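Enquirer: Sharing a structure with you now.
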């Protein structure tokens, strides 16, 4: 097995400065979060400023409400993403070390947890302001793919969340002892750049599909449809990529080398697949409901 693509020599930090003895660094991952949120916010604002895209030419939210909701979304992403990682992937460790649960600067965020955080934030906000929830879910879903695209690219730059070992010509030799520890492989180990697979499927393709549905097919006139396509599209994309993505180390044992979170007689699902199945089912239900209501 050989790597045909060497990992690019890039630092996770864009730059670092020292202020009063404290080192402050801007990392690609943080920049991806910031730019992704801003791009999603601008995309949503464009949609709410187009009354013709909405049922009865009435956007469900004003531009001011979108900006207000953005604060709730940011809090939901950070808290949900962190708590999702803690309880979905390493509950035992963090229950023994509760002081590290909120140490987000040490790394460890989960998309499914962040999604639950955003859903909770959106539910509370729409309840307080008496906003139609399905239409609000549509507009929130529209703003997610830019963050997914940039976030997964940042994962690649950070050389984290890499894929399983492969002999395909686009395999990448990620740095680090863990990335190069491949069972049965001598010499350099090439891995699937699964972060880029996710960036393309969940970010670029899914984002383009949602934009096409909103601006070309007036999908916002059918509440719940855009959100349904997002849930189903992300769920299917993530479920597929999990076949190529290296599972978290805590799930891998001698009797479970594939790192399956649930398995019977060698067959099973990774944690990412287990969490994606409910998304697929919810997405299908929302799409069917929206079509029936139309």
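Backbone N, Cα and C atoms are what each Cβ position is placed from, and that goes for glycine too.
The following feature annotations were taken from Swiss-Prot:
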- 19-39: transmembrane segment (TRANSMEM)
- 69-89: transmembrane segment (TRANSMEM)
- 101-121: transmembrane segment (TRANSMEM)
- 139-159: transmembrane segment (TRANSMEM)
- 195-215: transmembrane segment (TRANSMEM)
- 224-244: transmembrane segment (TRANSMEM)
- 267-287: transmembrane segment (TRANSMEM)
Enquirer: Take a look at 69-89, 139-159, 195-215, 267-287 and tell me which one has the most Cβ pairs under 8 Å to the transmembrane segment (19-39).
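Expert: It is 139-159 that shares the most Cβ pairs under 8 Å with the transmembrane segment (19-39).
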Enquirer: Which one, 69-89, 101-121, 139-159, 224-244, 267-287, has the most C-beta pairs under 8 Å toward the transmembrane segment (195-215)?
Expert: 139-159
